[in-house]
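Accompanying notes for the structure given below.
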Amino acid sequence: MVANAVQEEDQSTSTNEDRDQSTSANEDRETNCWGCGLRVSVATFASVFKCGWCGAITKEHVVKNDNIRLRRCLDRFFVIIVISFMLFFICAGVWAVYPIIFSVSYFRGVFHLAIIAILSICTLSSFFLSAFQPAGIPPLIIWGSFPAVGQGGLDNYTFCHYCSKPKSPMAHHCRSCGTCVLDMDHHCPFIGNCVGAANHRCFILFLLLTVISTFYVTIMTSYSALQIWPHQENEPVIRLSGYANRELIFGVLKETILAFLRSAVFLPVRGLVLVYLFLSSLSVSIGLSVLLWQQLSYIYVGKTYLSHLRAVDSEEVMERDCKNIVRFFGCSSMTTAYLPSYWKSRKAHTK
């Protein structure tokens, strides 16, 4: 009987403790909204809450880990490498290609020299514009004062603990740049800057011009290399008569390729530079073409890379239309009248 009484007393004590804990957990606490400064009553366990007046979202217990010095040094290092690589391509291409082109035809040399000058100036200009101008500074808004902030004036705004100012739903804080960027697509280390609302168009133009330039270098270097490639003194003469099987054809191709590579030993320095420019420009052109296609596909859907990642989590369906690309490049709405009817169709694709 004593044991049962003790057990019942322990059970009642634990029940009272659980009741007290649940009561304390259900108790609300009061705090200030960062957006309008009004007192907000929230649950004790809530770490994220939204103000009922201004619509600002407050996230508590945010851990700051902001060390951008190393990231900035790496970005500057990559920018120096990219600029050096571009200048080397221009100077080495002019030194290796155009004496050969001028020896073929003076008019052709002047024509191609004008093309390379235009491509070089446009590519370097778009690179500097996308690398050294702010990616997209969010607009300044009034916050922290109830009379100044109207109802719903900060709807879905959050507070950036790094910049100590409001952050709109379309902005994202970049820890490499140390600032919030409006319509941020991604942080590109090769331009040492974020790709946002202010320089996204310049970044796309830089990719497009670089792809065109590298494709042009690939054609010109291959043509110039073939002009100065040493001819074989004893070229094998193979006569095919009757039925030629697959092994014989592959044997002829193998001997031709090996003889072509053996003759590369006698290439001058200009020829070796042409081979290097050909391989480099071909690889860069393929890689940047894939990146350009990815960027244009996001613009076609009306998204950025970061918004695409958020849409994957939320299964958001966006409207796909070529008018998104027209609006992105700042063309007038009348331009869509000249697009084919298939392009002008407004379709929403579901996953």
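Numbering starts at 1 and runs along the chain as it is shown here.
Including glycine, each Cβ sits where the backbone N, Cα and C put it.
Remember, TrEMBL labels are computer predictions, not curated facts.
Small disclaimer: the values here were computed from a predicted structure and weren't measured.
Feature annotations, reproduced from TrEMBL:
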type	residues	note
REGION	1-30	region 'Disordered'
COMPBIAS	16-30	compositional bias 'Basic and acidic residues'
TRANSMEM	77-98	transmembrane segment
TRANSMEM	110-132	transmembrane segment
DOMAIN	156-307	domain 'Palmitoyltransferase DHHC'
TRANSMEM	203-226	transmembrane segment
TRANSMEM	273-293	transmembrane segment
Recorded stretch, among 77-98, 203-226, 273-293, maximising Cβ pairs under 8 Å relative to the transmembrane segment (110-132): 203-226
Beyond the flanks of the transmembrane segment (203-226) by 6 or more, those residues with Cβ under 8 Å of it: 89, 93, 96-97, 100-101, 112, 115-116, 119-120, 122-123, 126-127, 129-130, 185, 188, 191, 195, 271, 274-275, 277-278, 281-282, 284-285, 288-289, 291-292, 295-296, 299, 328
Remote residues contacting the transmembrane segment (77-98) - C-beta distance under 8 A, at least 6 residues beyond either end: 109, 112-113, 116, 120, 123-124, 127, 131, 189-192, 217, 220-221, 224, 270, 273-274, 277, 280-281
